Amino acid sequence: AKCQCKVVARERTNCGYPGISAAECKKIGCCFNASVPSVPWCYNPKPKKVKKMCPNDPYTRINCGHPGIKPRECTKKGCCFRAHPAGVPWCFYHRVMEE
């Protein structure tokens, strides 16, 4: 994403090697901006903003506990707990969504 490359010149962390081309830099998932001399031109993007959410579709749940796990045990592990429907995990992992 474009906004991930809006990194202040002095905060850029090098990604790549000296003399890397813009195309090569982008191919390895980095940002390229040659407008400021004496700072990295090929640099790491800002981390993506993500949020954790409990998936709504019970059939996509990925089990995070054991049969009969208590809600508190489950949330202590950092997982979602919903005691319905039958036949699917009630303690399950979050989904990570990009904001």
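Heads up, the Cβ atoms here are built off N, Cα and C, so glycines get one too.
Keep in mind that TrEMBL annotations are predicted by a computer and have not been checked by a curator.
Because the structure is a prediction, the values reported are computed rather than measured.
Taking Cβ-Cβ distances under 8 Å and a sequence separation of 6 or more, the neighbours of CYS30 (disulfide bond) in its chain are CYS15, GLY16, CYS42, TYR43, ASN44, PRO45. Among the features that TrEMBL reports, disulfide bond is placed at CYS15-CYS30 (among others).
Look at TrEMBL and you will find CYS25-CYS42 (among others) tagged as disulfide bond. All protein chains considered, the CB of CYS42 (disulfide bond) has 23 other CB atoms within 10 Å.
If you draw a 10 Å sphere around the CB of CYS80 (disulfide bond), it holds 19 other CB atoms from the protein chains shown. Sequence annotations record features per position, and here TrEMBL assigns disulfide bond to CYS54-CYS80 (among others).
Note: CYS64 (disulfide bond) has non-local neighbours CYS74, LYS77, CYS79, CYS80, PRO89, CYS91, PHE92, TYR93, i.e. same-chain residues 6+ apart with C-beta under 8 A of its own C-beta. TrEMBL lists CYS64-CYS79 (among others) with the feature disulfide bond.
If you look up TrEMBL, you'll see CYS74-CYS91 (among others) marked as disulfide bond. Residue environment of CYS74 (disulfide bond) contains 21 other Cβ atoms, counted within 10 Å of its Cβ in all protein chains.
What TrEMBL records for 1-46 (among others) is domain 'P-type'.
The domain 'P-type' feature in TrEMBL is assigned to 52-95 (among others).
Neighbours of CYS54 (disulfide bond), defined as other CB atoms within 10 A of its CB across all chains, total 13. The two recorded residues, CYS54 (disulfide bond) and CYS25 (disulfide bond), have Cα atoms 35 Å apart.
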